[in-house]
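Comments concern the structure below.
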Amino acid sequence: MSAMLQLPLVVTAQVDLVLVLVSLLALWTRLSRLSYPNAVVFDEVYYGQFVSFYMKRVFFIDDNGPPLGHMILALGAYLGGFDGNFVWNRIRAEYPSSVSVWSLRVLPSLCGALCVPLVYLLTLELRFSHLSALGAAVLLLLENSLIVQSRFMLLESVLIFLVLLAFFSYLRFHNAPTSSWFRYIWLLLSGVSCAAAVGVKYMGLFSYLLLLGVAFLHAWNLIGDQFLNVCVQCVCRVVCLLVVPVLLYVFWFYLHLSLLNRSGPHDQLMSSAFQASLQGGLSRITQGQPLEVAYGSQVTLRSSASQLIPCWLHSHKENYPVRYENGRGSSHQQQVTCYPFKDVNNWWIIKHPGRQELVVDTPPRPVRHGDVIQLVHAMTSRFLNSHDVAAPMSPHAQEVSGYVDFNVSMPAQNLWKVDISNREAESEVWKTILSEVRLVHVNTSAVLKLSGVSLPDWGFRQLEVVAEKLFKAHGSSLGWNVEEHRYGTSQEPKEREAELHCPTHIDVDRKISFWAKFLELQWKMLTVKQEESEHKYSSAPLEWITMETNIAYWLHATTNAQIHLIGNPVSWGVANLSLLAYQLLAAVYMLRRRRGFKDLPDAVWDQFVCLGCVCVGGWLVNFVPFLLMEKTLFLYHYLPALCYLYLLSPQQCDTPPCAVCVCVSAVLLSVFLSYRTFCPLTYGSPELSANQLRELRWRDTWDILDRRH
């Protein structure tokens, strides 16, 4: 043993000093004076409210994206001791001394700084020289817009970091010797990074799909090797790049729903069962309610239609007009609507058609799937009715009313069949909150549904309820569920009204599974969209390419100090020229190769094609989709696509002759001078005079603010 161990022990390490240098410079440009300004900057007002929700464990839903990005921001806030007690209501609001601004911003800034060395390493994995890697890193290092976006509590820098890490890890796996099993760690890291990128913003899905395409092409090229080797390679890719990202995506939501277990302002977007699973809110109202709906039960029926605002089946003493504005007649019976607020007129009583009692028996007799019932409005004692009369706003459907006998040969048609759509057995009992029920009109086979149309003033702008034939009705608007539920014990109307405020208490566990909550949350994120509005700094995608727009992020209250999202004009131009040059070169090379002229050896051609797939493909998948989107867009949406062009730019001058080296050096010097020129608008200091600000307005379309003294 002593013969094998020789002293002294020596460890030899190779350090890329250029990589260390660009990393330190990236940390300095992104992290220096991070707490300035000590005020809310642009979209911090948006993301900050979600951070506060996490600190207070209050449930929310963000229809713009998944939760991982918010959790990363919340982690920084938590490490800084933030308790969530700050009102995020306006830009430029000063942070109090109790809020650690540095901790709120440090994680996005670190991600932004790490993007620079990642681009350096990624260029090397694309098999280009260290000089090209340095050029790409410098372009990213001195890009003013990326610096601004990294220095605040925003998510673009986190997204870009994860996307670059995913491609770097995958190429590291692809370039490693096939005999090394350690390379599968890189493949796994690539899958994890893809899942994290999609979990931060759905924009990450574009790059993830591109990476899957590259991986598929590489797997296709394996065909012809030994069968066992091909199978192992394909299985590893499927597991690491498909299975692991899907599982992790679900895991982000598991964390999200586990952390946010308290009722909040977004509860109303979710189903009654989802709301009842949260502490406070609806769970305080429904706690102790009877589980099984019985004859004599007093209930409120909430529509399960996918709407931004929930509503409950409702009636009041007013009748439908004898004639509508268009001249059509009505039954002139009592109005039945859907009302988006809690109200005593939302209560209904489940009645057995063969009995007069409106109270629950002892023991209660439950209502089951397939039973025929009557619904009695608790406050007016009118029966829920439908007949062959056109609905007021939807003439193709039947009117629904509270039946009034006017002795005009219009008999009551008030029998409804209970159809539990999510039943597990044919004799299943109607359950509070859990059962989704369709009420089928016995006489006409029409289904009670929410049309979603607002009634005129005579209907108090409440929502129309109709009965529609099942083959015509849209499935999402047919369901109803019992939200509030009491066992009725009073037969007299006045006693019953008082009883509605005195719920019975029977302890029932009605928790819903994680998968049910996960699927519902996914559906709401896809279908419930906040109303889009024009913004002063919104822009069209084609304006991004030539940087015709900017965004004023922050303006000092009394001076000309200000921060803008403006790119480095020189490097922006270099990126556009490199994109054009690559396309022209690719077209020329392909035409000549078609004619048998191989200007590039096969190995170099493969390298050139790989560069286009990653860089040009990355730009396309992160830019073209925005041309098809109908939503409010901003310049920062272009930053992920821009990073791919910065990867592309130096590679086309790889190992150039001396003259080209001089030109490249001149371009990089221009990039640095442009960066320095716009630094006052990047960091908010030093304050510039009115004349200096006017000199920085290189384009007439830029909105640079001048506070005249």
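Yeah, the Cβs are placed from backbone N, Cα and C, and that goes for glycine too.
For 7-28, 102-121, 153-171, 183-200, 206-223, 235-255, 570-591, 603-621, the entry in TrEMBL reads transmembrane segment. Here TrEMBL flags 290-353, 364-421 as domain 'MIR'.
Looking only at the domain 'MIR' (364-421), the predicted model's pLDDT averages out at 89. The transmembrane segment (183-200) makes no contact with the transmembrane segment (102-121), as judged by fewer than three Cβ pairs under 8 Å among residues 6 or more apart in sequence. Secondary structure of the domain 'MIR' (364-421) per DSSP, as helix, strand and coil residue counts: 0 helix, 26 strand, 32 coil.
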